[in-house]
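See below for the structure under consideration.
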Amino acid sequence: MIFEMHRVASSGSNGGSVRARKEKKLTYVLNDANDTQHCAGINCLDVLKSSVSGDQSFLFTGSRDGTLKRWAFDEEAPFCSATFESHVDWVNDAALAGDSTLVSCSSDTTVKTWDSLSDGVCTRTLRQHSDYVTCLAVAAQNSNVVASGGLGGEVFIWDIEAALSPVMKANDSMEDSSSNGANGIGNSQPVASLRNVGSSNNISVQSSPSHGYAPTIAKGHKESVYALAMNDTGTTLVSGGTEKVLRVWDPRTGSKSMKLRGHTDNVRVLLLDSTGRFCLSGSSDSMIRLWDLGQQRCLHTYAVHTDSVWALACTPSFTHVYSGGRDQSLYLTDLATRESVLLCTKEHPIQQLALQDDSIWVATTDSSVERWPAEVQSPQKVFQRGGSFLAGNLSFNRARVSLEGLNPPPTYKEPSMTIPGSHPIVQHEILNNKRQILTKDAADSVKLWNITKGVVVEDYGKISFEEKKEELFEMVSIPSWFTVDTRLGCLSVHLETPQCFSAEMYSADLKVSGRPEDDKINLARETLKGLMGHWLAKKKHKPKPQASASGDILSVKDTKKNLTASKAKTAFPSVSPPSIITEGSQGGPWRKKITEFTGTEDDKDFPLWSLDAVLNNRLPPRENTKLSFFLHPCEGSNVQVVTLGKLSAPRILRVHKVTNYVVEKMVLDSPLDSLAIDGASVSGGPQPLFAGNGLLPSGSKPWQKLRPSIEILCNNQVLAPEMSLATVRVYIWKKPEDLILNYRVAIAR
C-alpha cells in the first residue's frame with residue numbers, strides 16, 4: 001500500500017477550539033511482582049486487639065506508596081490479609097478508633113475512614129483540609145472523637161459517628177465520598193457532606209441538616225501542624241508544629257487552653273497520658289520534653305538523641321518512653337530517673353512506634369517493618385542488662401558524647417520479626433521508543449518495564465544503570481505522550497489530553513498480528529483499552545446505554561465490539577494489577593485496582609476524554625501529527641524531478657515509503673523504456689533497473705515491473721529504510737527549518 005502524501009496548504013485555520021475547563025488527568029500505578037508488600041517507606045502503624053477480632057491481633061501500616069495494609073499472624077509468621085487502597089498520595093498517619101474503625105490521613109488532603117476488619121472497605125472520605133494532612137489523634141475511650149492536623153495550619157476535630165451518618169446531599173459541591181471508596185465507585189452508601197468553615201470567630205461548628213456534617217475547627221495555628229495527641233476521654237488535645245510551641249485545646253469546643261514554649265525547633269511528635277495531665281513532646285531540636293499541663297510548665301528535658309525526634313511510645317503507666325528519629329536509634333528512657341538505654345540501631349530514620357504486648361513495632365523510611373523486644377510490662381529489666389547512661393538536659397552534651405564515641409552498644413542486635421517490603425524505585429529513564437522505562441531500585445536492581453502492558457520485560461539484577469541505558473539507546477523519535485514519577489516508590493504514569501494521544505506507530509512496528517501493516521495504532525488509546533479491559537468486560541454484562549463525551553449513546557453492541565478490539569496485545573496483568581488514579585465530573589480523586597471495577601463507573605468517575613477514546617474510538621484534535629519536508633534530486637544527479645514544492649506526511653512515515661513514492665512517480669511520469677541509471681552507460685547501453693528479476697504475476701501494473709533501486713539521503717547521509725521522518729529530523733537533519741530529503745539511484749556497493 002502506497003502511503004499518500006499531501007501537499008501542505010498555504011494557509012488555513014486549525015478548526016479546533018480550546019476547551020474552557022481543565023481536563024482531568026488519568027494516572028496508572030504499576031505494581032511489581034508482589035503487591036502484598038509495601039514498596040515505599042512506612043509512615044505510620046497501629047495495633048488492633050479487640051473483642052471484635054477475638055484473640056487475633058492485627059498490625060496496620062500506612063506507607064508512602066499510598067496504601068494501608070493489615071497484617072495478621074499465622075503461627076507468628078506475618079502475612080498481608082488486606083490492602084486498603086483509595087488514597088492517591090502518601091499515607092502520613094493512621095489510627096484505630098474503637099473496635100473496628102481505621103482512620104487515615106494523606107498528602108492528598110483527605111481523611112478517610114475504613115472498616116478495619118473488611119477486605120479494604122473505605123466507608124468515608126472527608127475533605128476539609130487545604131493542604132497535606134500530616135497527623136491524627138484519637139480518644140481511646142471515646143472512639144467517636146478524632147482530630148486531624150496538616151500543613152495548612154488547620155486542626156479539625158471530627159465526630160466520626162456524625163460524619164458517617166447518612167445525610168441528604170445538598171448540592172454538587174459537597175463531597176460524594178462513596179465515589180472514592182475502595183468498596184466500589186458509585187456505590188449506594190450514604191454521603192457525609194462537608195461545608196466550608198468560614199472565617200468567623202465562632203469556633204464550634206455544629207451539624208446542619210441543610211448542609212451536612214462539618215467538623216469542629218480549632219483555630220490558632222499560623223503555620224504547619226505536624227503532631228497531635230489526645231487523652232483517653234477526648235477532653236484534652238495538644239498540637240505542635242513549625243511554630244515550636246505546644247498548643248492545648250478543649251476538643252469539645254475548639255477553644256484554646258494554653259500555649260507552651262520551650263522547644264527551639266519544630267515539634268514533631270506528641271503523647272498524652274490517659275488523664276491528659278502529662279504530655280511528652282519530641283522535636284527537631286533533638287530534645288524530648290515532659291510537660292505538666294496542670295502547672296503549664298516543662299518538668300524535664302531529656303537529651304537522648306543526636307538528631308530530630310520523630311517517634312514516641314509510652315508504657316501504659318507513663319513511666320518509661322521509647323523514642324526514635326532521624327539518628328536511626330531506638331532508646332528507652334525512665335522518665336523519673338532519667339536513665340536511658342539504646343535498644344537497637346536501624347539503617348533508616350525511625351518514623352513511628354507501636355507497642356504490642358512486650359514488643360515494639362518500628363516503622364522507618366524503609367518499606368520493611370520490624371518488631372523488637374521491649375519488655376513493656378517490666379521495662380526495668382532492660383536496664384538490668386547494663387549499658388545505660390544518664391540522659392542530660394542539654395542537647396549539645398548528648399551530641400558531644402556521641403562525637404567522642406562513648407555511645408553504649410545496643411541491647412538487641414536482631415529484631416524478633418520482620419515484615420519485608422519491596423525496594424522502592426530510586427532512578428528511572430524513559431527510553432526513546434516511549435514504551436519502555438529503565439528503573440533502578442534502592443537495592444541497585446535494574447529492570448526494564450513496558451508501560452503499555454504494565455509488566456517487567458527484563459530483570460537485569462545489579463548492573464550499571466548508565467551502561468544499560470546506553471546499551472538500550474535507539475535512534476528513534478516518538479512524541480512524549482506521558483510523564484512518569486516514582487513518588488510512590490513505584491512507576492506512576494500520567495496521561496493528559498490531548499498530549500497523550502500524540503504518539504502513533506504502525507502495527508508492523510509494534511508486531512501486532514492480524515492487522516494491516518500500515519494500520520496506525522495510537523499508543524495512549526491502546527493503553528487505555530488495556531487498562532479498562534476489566535471494566536469493559538463487566539460493562540458488557542450490564543446492558544445500559546452509555547453517554548459519551550459528545551453526548552452520543554454507545555450501544556451494548558458497540559461496547560462488545562470495542563471490548564473485542566481491545567483484547568489485547570495491551571492486556572494488563574491480573575496478578576498484581578496496576579491501579580488507576582483519576583477523577584470524573586463529581587467528587588475528588590480516587591484510586592482503585594483495575595481488576596476491582598464493577599462496570600457501573602461512568603463519567604462521574606472517569607474523565608470524559610478517556611471514555612470517549614475507549615468506548616467511541618474518538619480522539620481529540622491533535623497537533624504535530626504531520627511533518628513537512630522537501631524532496632529533491634541529489635546535487636549532480638540526473639534523475640528526474642518528481643515533485644515541486646513542500647510535501648507533508650505523518651511523522652511516523654518510514655523512509656522506505658518515501659522511496660516507494662519516488663519510484664512510483666519516476667516510473668509513472670516517464671516513458672517506461674527510458675529509465676536509466678543517472679543516464680550512465682552500462683554494458684549494452686542504458687538499461688532499466690528491475691525489482692528482482694522483474695517477473696511479476698500477470699495483471700501487475702507496468703510500473704511494478706520496472707522498479708528502480710532508489711536511496712534517500714539527508715545531509716549527504718544515506719537513510720536506513722526503517723527510519724521514520726521524525727527520527728531523520730531529530731537525529732540527522734538537526735535544524736529548525738523544514739526537512740530536506742534527497743534521492744538518487746542506489747550506488748552499487
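Glycine is no exception: its Cβ is also placed from the backbone N, Cα and C atoms.
TrEMBL labels come from automatic prediction, so no person has curated them.
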Correct range for region 'Disordered' (source TrEMBL, candidates 171-193, 401-423, 539-561): 171-193
Dominant neighbour of the repeat 'WD' (126-161) in 84-115, 218-259, 260-301, by Cβ pairs under 8 Å: 218-259
Residue numbers, six or more beyond the limits of the repeat 'WD' (84-115), whose CB comes under 8 Å of its CB atoms: 40, 43-48, 50-53, 60-64, 66-70, 121-138, 143-144, 146, 148, 150, 156, 158, 160, 163-164, 180-182, 487-488, 579, 581, 588-593
Positions on the same chain near the repeat 'WD' (218-259), where near means CB under 8 A and six or more residues out: 131, 134-142, 144-145, 147-157, 201, 203-204, 265-276, 279, 281, 283, 291, 293, 296
